[in-house]
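**Student:** There's a structure below that I have some questions on.
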Amino acid sequence: MSYQYGQGYSGPGGNAPQWQQPPRAPYAGGPAAGQYGSPYGSAPPGQQYGGGSPYGSYGQPGPRAPYGGGQAPGGPYGGYGQPQGGPYRQQGSAGNVPPGVNPEAYQWFSTVDSDQSGYINAKELKQALMNFNNSSFNDETCIMMLNMFDKTKSGRVDVFGFSALWTFLQQWRAAFQQFDRDRSGSINTNEMHQALSQMGYNLSPQFIQELVNRYSVRGGTGVLQLDRFIQVCTQLQSMTQAFREKDTGMTGNVRMSYEDFLSSAITRLM
């Protein structure tokens, strides 16, 4: 089943915004105004959140949560391109970039589209995406992101969808770098707690520990690579939106039937 994210987008309108949350977005993780019509599963929240409101109990940001950039560990594309020497080292030509498409994203599209079909599928996307430890992105995250920007629900994206996906990755990569305090190339439990707190989520350390353990690589050291960080944060945004839709009184509490809960989860996570 395709995700509901990103349906009806018109393509990105230029370069990725530099962590600047538009005034209209009233809560953590809201999309920039006019971007793809997606109420959840969007890029990370920006520097300016606007005023406060009663959503603090489950994801409302506090005022002015600062994010920053910084040099990514690893290769020049810091986690969303192949490392130097890999099969995608030579990028495609930047000529004839369609209007509204990021030129750098176009170069990557030209290279990643290995069958020259004019579309990128999940297999091609996975071949192009690397974590900071040079491991490939997991299948779940690749499919999730592809579906977010799959306008036609065909299991693939054209150059406009890829440009939007590329911008999405840029923004989440910057968030990952910001919260990777020890520059290890991964996010541990303490760093994840800081990240989610600054994004506006009021979650217990115990829950975050369980979250990290659940999504960390089996047999690993209890840390999140970039792919899992994106997956966790995106799904958390989605479920928070589902909760918010039911919380009409903005109290931080809702009553719903078991089937309603399952419907909300299935709609957003399948």
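Glycine too: its Cβ is placed from the backbone N, Cα and C atoms.
According to Swiss-Prot, the protein has these features:
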{"type": "REGION", "residues": "1-97", "note": "region 'Disordered'"}
{"type": "REPEAT", "residues": "22-30", "note": "repeat '1'"}
{"type": "REPEAT", "residues": "72-81", "note": "repeat '4'"}
{"type": "REPEAT", "residues": "83-91", "note": "repeat '5'"}
{"type": "DOMAIN", "residues": "100-135", "note": "domain 'EF-hand 1'"}
{"type": "BINDING", "residues": "ASP113, ASP115, SER117, TYR119, GLU124", "note": "Ca(2+) 1 binding site"}
{"type": "DOMAIN", "residues": "141-169", "note": "domain 'EF-hand 2'"}
{"type": "DOMAIN", "residues": "170-202", "note": "domain 'EF-hand 3'"}
{"type": "BINDING", "residues": "ASP180, ASP182, SER184, SER186, GLU191", "note": "Ca(2+) 2 binding site"}
{"type": "DOMAIN", "residues": "203-239", "note": "domain 'EF-hand 4'"}
{"type": "DOMAIN", "residues": "240-269", "note": "domain 'EF-hand 5'"}
**Student:** Compute the centroid of the Cβ atoms of ASP113, ASP115, SER117, TYR119, GLU124, then list the same-chain residues not in that set whose Cβ lies within 8 Å of it, in sequence order, for the Ca(2+) 1 site.
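**Tutor:** Neighbours found: VAL112, SER114, GLN116, GLY118, ILE120, ASN121, ARG156.
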**Student:** For ASP113 (Ca(2+) 1 binding site) and SER186 (Ca(2+) 2 binding site), determine the Cα separation and express it in whole Å.
**Tutor:** 28
**Student:** Just to confirm my parser: what is the rounded mean pLDDT across the domain 'EF-hand 1' (100-135)?
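**Tutor:** Mean pLDDT across the domain 'EF-hand 1' (100-135) comes out at 93.
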**Student:** Among the binding-site residues ASP115, SER186, which residue has the largest number of other Cβ atoms within 10 Å of its own Cβ?
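**Tutor:** Per the Cβ count, the most surrounded site is SER186.
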**Student:** Would you mind splitting the domain 'EF-hand 4' (203-239) into helix, strand and coil residue counts from DSSP?
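**Tutor:** Across the domain 'EF-hand 4' (203-239), the residues distribute as 25 helix, 1 strand, 11 coil.
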**Student:** If you count other Cβ atoms within 10 Å of each one's Cβ, which of the binding-site residues GLU124, ASP182 has the most?
**Tutor:** GLU124
